[in-house]
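Worksheet for the structure shown next.
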Amino acid sequence: MQRNLVVLLFLGMVALSSCGFREKHFQRFVKYAVPESTLRTVLQTVVHKVGKTQFGCPAYQGYCDDHCQDIEKKEGFCHGFKCKCGIPMGF
């Protein structure tokens, strides 16, 4: 039962993140919805890692360039799942 709740919470967070909710909203939700335990710590870590990830980066080639032009007016480069503005790949 608890595993189903965790999966449901995670899928709900993924769905709501596309609506513009930020990481702090999900952290607050996890804090109040999940009792204090190792499970809460794991969920908060997952929310933090997912919040830092920019999924559009590897899927859409121009995502980082558009993102960095909006923020810093620099060329954007995809480094794994993160966009780096003005920092080309070091290969």
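Glycine too: its Cβ is placed from the backbone N, Cα and C atoms.
Here Cys78 is paired by Swiss-Prot through a disulfide bond, and of Cys57, Cys68 its partner is Cys57.
With helix defined as DSSP H, G or I and strand as E or B, the domain 'BetaSPN-type CS-alpha/beta' (54-91) counts 13 helix, 8 strand, 17 coil. Nearest Cα neighbour of Cys68 (disulfide bond) among the listed disulfide-bonded residues (Cys57, Cys78, Cys83): Cys83.
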